[in-house]
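Colleague: This is the structure I want to talk about, given as C-alpha cells.
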Amino acid sequence: MSKLVIVESPAKAKTIGKYLGSDYVVKASMGHLRDLPRKTMGVDLEHDFEPEYGPIEGKDKIISELRKAAKEADFVYLATDPDREGEAISWHLKSLLNLKDGEYKRVTFNEITKKGVHYGIEHPRDIDVDLVDAQQARRILDRIVGYRLSPFLWRKVKRGLSAGRVQSVATRLVVDREQEIRAFQPEEYWSIEAVLRTQAGGTFTARYYGEPDGKVELKNEEQTRKIVDEVTGKPFLVSTIKKGKKKKSAAPPFTTSTLQQEASRKLNMVPRRTMSVAQELYEGVELGGEYGLTGLITYMRTDSLRLSDEATAAAAAYIQKRYGEQFYPGKPRVFKTKGAAQDAHEAIRPSNVEIEPEAVRDQLTPDQYKLYKLIWSRFVACQMADAILDTISADITSEGHIFRASGHTVAFPGFTAVYEESTDDDKQSEKGEKSESGKPLPAFDEGDSLTADKIDPAQHFTQPPARYTEASLIRAMEEKGIGRPSTYAPTIATIIDRDYVSKENRSLRPTPLGEGVTGLLVDKFKSVADYEFTANMENQLDEVEAGKVAYVQLLHTFYDGFAGALEQAEKDLDKTRIKIPDEETDVVCEKCGRKMVIKSGRFGKFLACPGFPECTNTKPMSEDTGASCPTCGAKVVKKKSARGYVYYSCETYPTCQFITWDKPLKTKCPVCDSSLFRHTDRDSKEVTDVCLREGCTYKELVKEGVSPEEAEKNRQRREARAAKAAERAAAKEAEEAEKKTKKTTRKTKKAEDAEGEEPKKKATRKTTKKAAAEGEEPKKKTTRKTTKKAETAEGEEPKKTTRKTTKKAETAEGEEPKKTTRRTTKKAAAEGEEPQKKTTRKTTKKAETEEV
C-alpha cells in the first residue's frame, strides 16, 4: 500500500523520505501551484470578491507529475508548511489533484527529525478552512491594493511604481523617522570627567553628578568652567559607597522577528538571507555519522515564545551535564507570549540540543554554522540560571560638588557563559549616553582621600533619533502590529528594491521617491498608509484565522473605504502630476560645475547634470561596497552595465583594471588580509568565498553545488542555449542585410527607369479649361492608382477606370465606358491611341469626343 506525501521543497522531501521508508513516496510541489492571474486582477469585485485561480505559468509539468503520483497512491498526505501559506498550498493541491474526502489528510511537522516526522504522520487532520480563508483574504487585499493603487501612482507620480498594504506603512516608518531627524533642534550640554587615583595607585573615572540638593544639568561652558576651576588642585573625598547584588536574566528564545534582528546585529546578515539559511537548517542538512540527514531547528516562522516540555527537559539535562547543576535554575523557564501572537508553533530552537554547533561545523556552510550557533546558544541560555553581578556606586565630593562612579564585577556568570543578547545601534539616550561599561572599580573605602590626575570638561549636543537599521525597523513593525513573521523580511527587501528606501552602511533612509509617494498615500489613502488601520487589519486577519470573522466581510469593510478614497483622489488630482525632486549629490559636473543629481533610468540609477539640456553630461553611479581592491587597495564599487547587469570594479578604473562579477564582502582573507569575494559557479551552482589577490589561493565553501554530472549537463545546456542565441542573432543579421540589399536594388532600378524620360507635369484645372477652349478634349487629372498608360482610339468615348474592373475592353463609338482595374494590361503608344486619364465619380457617364 503506497502513500504519497507532498511537501514544498526537494530538500525537505529528501529528509522526510529518509525517515518514512519505502512505503511512502515523497514529492515536492516547489511552492504554490495555483494563484491569481499575473496580468489581470483576478478578483470579481461585484460578486463578493470571488478569486479567479489558475495554474501558475511554468508549473504544468509539476502538476502533471503530482496528478500521476496521486492516482497511483492509495492515500495522500498534504505536508506543506504549518502556517497560512502552507495551509493554502495544501488546499490548492486538493483541488488540483481532485482529491476526495477519505483520499487525503493534512499533516504538519514542527521539526524535520525522525521523531517529528513520525509524530506528524500519526496525527493527521483536515485542512483548516479558516486558516485558508485568512490567507485568501490577505492575498486578495494585497491584489486589490496593488492593481487599483499602482496604476494611480503611475498616472500621478511615475510609471512603474507600486504600492502595498504592508510595504507602504513600512516605508512611512522610515520617512517619519527622517522627518523627526530633520525637525530635531540640538541643544548644548556639558559634562565633566575626573580621572581619580586611590592611595594604593588604582585609577578610575568619575563623572560630575550634581550638588547635595540633587542632580545638576550643565547647560553652558561658563557654568562648567566655574566648577572645574573650583575643584582643580583640590582633594576628592569618598563620601558614600553603596554595594549590592544584581541579577541579570537571559533573553527568551527566538521568534522570527528577534532572530532577524539579532542576526542583523551580530552576524550582519540581512533578514532575507537569515530566513533563507534558517529554511535550510529546518529542511535538513547532511551531518553524516549517527545523525545523517536531519533538520537542525524547528519551524522558523513563528511569533510564539512557547517551548515544549520535551525541549526544556532536554535542555535541563544538557546544562547540568555540560556546565554543572549550579547553572540550572531548578525548573524550566517559561516565557509569556505577547497577546497578538498566534502561538501555533514553538519558538525557534534546535531540534536536538545535543548537536553542538562546533561538532557539526565542518558539515555546515559558514552562514549555516553562524546561524545555528546563534539559535542553539540562545535556546540553551534561556534555560540557564541568572547571572549575578556585584555592583558598586560611590559618591565622591570636592568643594561641595558631587562626582559619581559606578561599576560591577561578575559574581556568577550564569547564562552569560553561553550567550549575551546584543542591542540596537539606536538604543541610546538623546544625549548619546549608553549603558555603563561595567568595568570594576579599584578598592577604596568611605572617607578615603583621592587625587585628580585629570579633569576634563567636554561640550556635547543632544542627538536626533537614529535612523532605522533593518533590525530596529523589524522591531518597530512588530511593536506597531504591522505585518506578521512571514512578511518582515520580504517587506524590507521590497522597499529597498523599489527605491523607496536606500541602505547606507547599515542605516535606512527614504529616497525622494519614497517621501513623495508616502506623502501622497498619507494624504489620500488612510486605509493604506495609516499605522493603526494597518495593525487593525492584521488583527482582523487573525480573527478570520480564528473563525470569528468571515473573510468576505473583512474584504467588504476594507474595499468600501478604499474605493471611495481612490475615487476622491482621482477627482482631487485630476490633470495633476506630482513631481519628485531629484536627489542632489556632492559630485561636481566637470563640464559646467553644477552639482550632479541622481536619476533613474531603464537599467537603474545614474548621475546627470541638472543643467540639461544646456549640459548633457551623465555618468554611471557607483556604490561603495566596503571592500578593497585586491590589486591596488582602493575601494571596490558596485556599477551597472548598459544592459542593467551588476558588476564590480576598482573605483580608479580604468587606471586600475580590476573588474569582476563576484560580489565583494566586508570580511577579510585569513591568509593575506585582502577582501573576499563571493563566487557562484554558473554550472555547478557551488558558492564559495574566494580571495582574488594575485598569488593567494584561499577559498572557502559557502554552499555545495550539484553533482559533477549535473554540472556537466548544466554546462552543455548553457552552451547549447548560447549557440542557439548566436544562430538567431546571425539569422536576424542576415535577414536585415538582405532587406537592406533589396531596398538598395529597388532604388537603383527606379533611378535607372527614370533616366531619359520627359518629366510630366501635373494637370491642373487651368490647363483643362484652356484645352477645352481650344476645342481639345479635356484631360482628367491622373492619380497614383491610375494605370501607367491607357490609350483611347480616335473618336472613342473616354473610359472610366475603377478598382474593380478586371480586363481592358475596347468600346465602340457611342458605347458606355467600361471600367479598368489597377492590373489593366498596358497598351503600347505605338497603336496611335491617346492616353486616357482616370475619370472621377462626378464625371458624366457619357462624353462626346471630337476629332482633333
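Residue positions begin at 1 at the first shown residue.
Glycine too: its Cβ is placed from the backbone N, Cα and C atoms.
A quick note: this is a predicted structure, and the numbers were derived from the prediction, not measured.
Feature table excerpt (TrEMBL):
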- Tyr299: active site, O-(5'-phospho-DNA)-tyrosine intermediate (ACT_SITE)
- 425-437: compositional bias 'Basic and acidic residues' (COMPBIAS)
- 710-739: compositional bias 'Basic and acidic residues' (COMPBIAS)
- 740-749: compositional bias 'Basic residues' (COMPBIAS)
- 750-761: compositional bias 'Basic and acidic residues' (COMPBIAS)
- 771-780: compositional bias 'Basic and acidic residues' (COMPBIAS)
- 788-800: compositional bias 'Basic and acidic residues' (COMPBIAS)
- 807-819: compositional bias 'Basic and acidic residues' (COMPBIAS)
- 828-837: compositional bias 'Basic and acidic residues' (COMPBIAS)
- 2-112: domain 'Toprim' (DOMAIN)
- 128-566: domain 'Topo IA-type catalytic' (DOMAIN)
- 162-167: region 'Interaction with DNA' (REGION)
- 421-449: region 'Disordered' (REGION)
- 705-852: region 'Disordered' (REGION)
- His32: site 'Interaction with DNA' (SITE)
- Arg138: site 'Interaction with DNA' (SITE)
- Arg139: site 'Interaction with DNA' (SITE)
- Asp142: site 'Interaction with DNA' (SITE)
- Tyr147: site 'Interaction with DNA' (SITE)
- Trp154: site 'Interaction with DNA' (SITE)
- Arg301: site 'Interaction with DNA' (SITE)
- Arg498: site 'Interaction with DNA' (SITE)
Colleague: For the recorded sites His32, Arg138, Arg301, work out the Cβ neighbour count at 10 Å and name the residue with the minimum.
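Modeller: Least crowded of the recorded sites His32, Arg138, Arg301, by Cβ count within 10 Å, is His32.
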Colleague: Using C-alpha atoms only, work out the spacing between Arg138 (site 'Interaction with DNA') and Trp154 (site 'Interaction with DNA') and round it to an integer in Å.
Modeller: 24
Colleague: According to DSSP, which kind of secondary structure is Trp154 (site 'Interaction with DNA') found in, if we only use helix, strand and coil?
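Modeller: Note: Trp154 (site 'Interaction with DNA') is helical by DSSP.
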Colleague: Which of Trp154, Tyr299 has the fewest nearby Cβ atoms, counting only those within 10 Å, among these recorded positions?
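Modeller: Checked Trp154, Tyr299; of these recorded positions, fewest Cβ neighbours within 10 Å: Trp154.
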Colleague: Just to confirm: which same-chain residues, 6+ apart in sequence, have a Cβ under 8 Å from the Cβ of Asp142 (site 'Interaction with DNA')?
Modeller: Gly164, Arg165
Colleague: May I ask which of the recorded sites His32, Arg139, Arg301, Arg498 is closest to Trp154 (site 'Interaction with DNA') if we compare their C-alpha atoms?
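Modeller: Out of the listed candidates, the nearest Cα belongs to Arg498.
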Colleague: How many Å lie between the Cα of Arg301 (site 'Interaction with DNA') and the Cα of Tyr147 (site 'Interaction with DNA')?
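Modeller: It is 28 Å, counting Cα to Cα.
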Colleague: So how many other Cβ atoms are close to Arg139 (site 'Interaction with DNA'), meaning within 10 Å of its Cβ?
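Modeller: Its Cβ has 19 other Cβ atoms within 10 Å.
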Colleague: List, in sequence order, the same-chain residues at least six positions removed whose CB sits under 8 Å from that of Arg498 (site 'Interaction with DNA')?
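Modeller: Listed in sequence order: Leu161, Ser162, Gln167.
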Colleague: According to DSSP, which of helix, strand or coil covers His32 (site 'Interaction with DNA')?
Modeller: coil
Colleague: Could you tally the C-beta atoms, other than its own, that fall within 10 angstroms of the C-beta of Tyr147 (site 'Interaction with DNA')?
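Modeller: Here the count is 14.
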Colleague: Whole-number answer please: how many Å between the C-alpha atoms of Tyr147 (site 'Interaction with DNA') and Arg139 (site 'Interaction with DNA')?
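Modeller: Each residue's Cα considered, Tyr147 (site 'Interaction with DNA') and Arg139 (site 'Interaction with DNA') end up 12 Å apart.
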Colleague: Tell me the Cα distance separating Arg139 (site 'Interaction with DNA') from His32 (site 'Interaction with DNA'), rounded to the nearest angstrom.
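Modeller: On Cα coordinates alone, these residues lie 13 Å apart.
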Colleague: Report, in whole Å, the straight Cα-to-Cα distance of Tyr299 (active site, O-(5'-phospho-DNA)-tyrosine intermediate) from Arg139 (site 'Interaction with DNA').
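Modeller: Each residue's Cα considered, Arg139 (site 'Interaction with DNA') and Tyr299 (active site, O-(5'-phospho-DNA)-tyrosine intermediate) end up 22 Å apart.
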Colleague: Look up Arg138 (site 'Interaction with DNA') in the DSSP assignment and report helix, strand or coil.
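Modeller: It is helical.
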